[in-house]
Amino acid sequence: MGVRDSHGEATATPDPVEKGFATLNTIRIGVKAMVQKDGELRKAEILSIRQRKDGPSFYVHYVDFNKRLDEWIDSTRIDLSHEVEWPQPEKPEKKKAGPGNKAPSKNAQKRARAGSREVSATPDLLTGKNTNIGKAQRPSKAGGKENRDETPANLSVLDSEAISADVTPKPEMEDVDMIGVSFTDTKEEHEQGKMSREEEIERLRTSGSMTQNPTEIHRVRNLNRLQMGKFDIEPWYFSPYPASFSDVDMVYIDEFCLSYFDNKRAFERHRSKCTLVHPPGNEIYRDDRISFFEVDGRRQRTWCRNLCLLSKLFLDHKTLYYDVDPFLFYCMATRDETGCHLVGYFSKEKDSAEGYNLACILTLPQYQRLGYGRLLIAFSYELSKREGKLGSPEKPLSDLGLLSYRQYWRETLVELLIEPGRESMSENELAVLTSMTEKDVHETLVVFNMLRYHKGNWVIVLTDQVVEQHNKRLEKEKIKGSRKIDPARLQWKPPVFTASSRTWNW
């Protein structure tokens, strides 16, 4: 008998977990076993198995841990003295008998014929020829976010056909490297928007992504290690580099031109010839420590694609790496006698219909927890101020991106509200002063419990906890120093683009 939830609806009883002892020969994908991790036994799921000369190796995901910890292990780390959990067998799909199996009525046949005539009479948006709805192709991502693959769920078949006809189709390589996302409105997705802050943080901790795409979660990381400049880096996620790169222990990336090599000798030969010592764009900001370069995705297509490939190693929700023409890339770099070393970047649509000021943001792992992420966010809002617009990042953000933005929003609002003479300010005034959207201002006030209902009105309140955190940050900045954007050093005017430079260029 099924179990009923709090709403009285019947829910399916979960299938019992099958357990038993296993050997190295019987372990298969989907098995959950106890694995040695940092001197402790932790439950891990086998996601992939590969055979090597020295024996099999297993790619595992540690249950209830962030997927960034997924790794290849050898058989000696699997404790077979404990029982394992066997994967559930795949159930055959049941054919449901419904109204669709019945013979259509005469009226329905007439409506179907009428609908067919209407569709066949619809001209193609590009060629002007009639479009056959039965040959509808998958819609392209034109006009979408650089790191998102989304088709509105409420589009009819005709609307999707019109969209795909209005843009240039994607290259064939996407069928191999990219994974589509289903946007059906499930109950689980609906309830995710109602999660508390604690539940949301817990989900970020264990999954590492705001997208929650189950196909991405189980995708195997394909590179072992990177050498970029003086740093050896361990990738976090899959990125569609050449398949042969997964067989080498180290991939070499030129930190200036971002070219990639699976052979050290080839990399050294390239370095002896490569003359690039900074991101290939206009330097629009320089202070004592850092510089910002504006790189046009259309003019520097190869470099920007290489940048997106590199980013995919650390952003699991990023799905595009070749459609860079409609984007500008603002790259932050530190300077020394050898050149300008890439620290991080954010991308921005040249013409965002929704008014977004950022599409994708990343601080490279070797520079994280040094305050550079906050500088990238602050710089994006400084550009919005120069444009005279309110800006907001596109969603979904990665887990680190979301936490960084919320911290920046809170600190920015508290700095304004704590100033003398600002005792009475509205959300609209805060938005104008910070170039944040009113929605972001409102959500930040709600998340940090700074919005209260008092005597029939909503008022902004600086709680003792918020003020204490602000004072601690100021004390830390006095000791360690702080990095801030100086608007006077920004040499930039909002660029103006032609119609051709804003669109996909295939």
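We number each residue from 1, going along the chain as drawn.
Cβ atoms here come from the backbone N, Cα and C positions, even for glycine.
DSSP assignment over the domain 'Tudor-knot' (27-80) gives 6 helix, 33 strand, 15 coil. Residues annotated as domain 'Tudor-knot' in Swiss-Prot: 27-80.
Among the features that Swiss-Prot reports, region 'Disordered' is placed at 83-155.
What Swiss-Prot records for 83-96 is compositional bias 'Basic and acidic residues'.
For the domain 'MYST-type HAT' (218-494), the model's average pLDDT works out to 93. The domain 'MYST-type HAT' annotation in Swiss-Prot covers 218-494.
The zinc finger annotation in Swiss-Prot covers 251-276. Away from its own ends, the zinc finger (251-276) comes close to residues 223-229, 241-242, 244-245, 303, 306-307, 309-310, 339-342 of its chain (Cβ-Cβ under 8 Å, at least six residues beyond either end).
Look at Swiss-Prot and you will find ALA359, CYS360, ILE361, LEU362, THR363, GLN368, ARG369, LEU370, GLY371, TYR372, GLY373, ARG374, SER398 tagged as acetyl-CoA binding site, backed by similarity to another entry.
DSSP assigns CYS360 (site 'Important for catalytic activity') to a strand. In the shown protein chains, 26 other C-beta atoms lie within 10 A of the C-beta of CYS360 (site 'Important for catalytic activity'). Here Swiss-Prot flags CYS360 as site 'Important for catalytic activity', drawing on similarity to another entry.
DSSP assigns GLY373 (acetyl-CoA binding site) to a helical segment in the three-state reduction. Residues in the zinc finger (251-276) partition by DSSP class (helix H, G, I; strand E, B; coil) as 10 helix, 5 strand, 11 coil.
Rounded to a whole value, the Cα-Cα separation of GLY373 (acetyl-CoA binding site) and CYS360 (site 'Important for catalytic activity') is 12 Å. Residues ALA359, CYS360, ILE361, LEU362, THR363, GLN368, ARG369, LEU370, GLY371, TYR372, GLY373, ARG374, SER398, recorded as binding acetyl-CoA, reach a greatest CA to CA spacing of 22 Å. Each of the binding-site residues GLY371, GLY373 was scored by how many other Cβ atoms lie within 10 Å of its Cβ, and the smallest score goes to GLY371. For the recorded site, SER398 (acetyl-CoA binding site), the DSSP three-state label reads coil.
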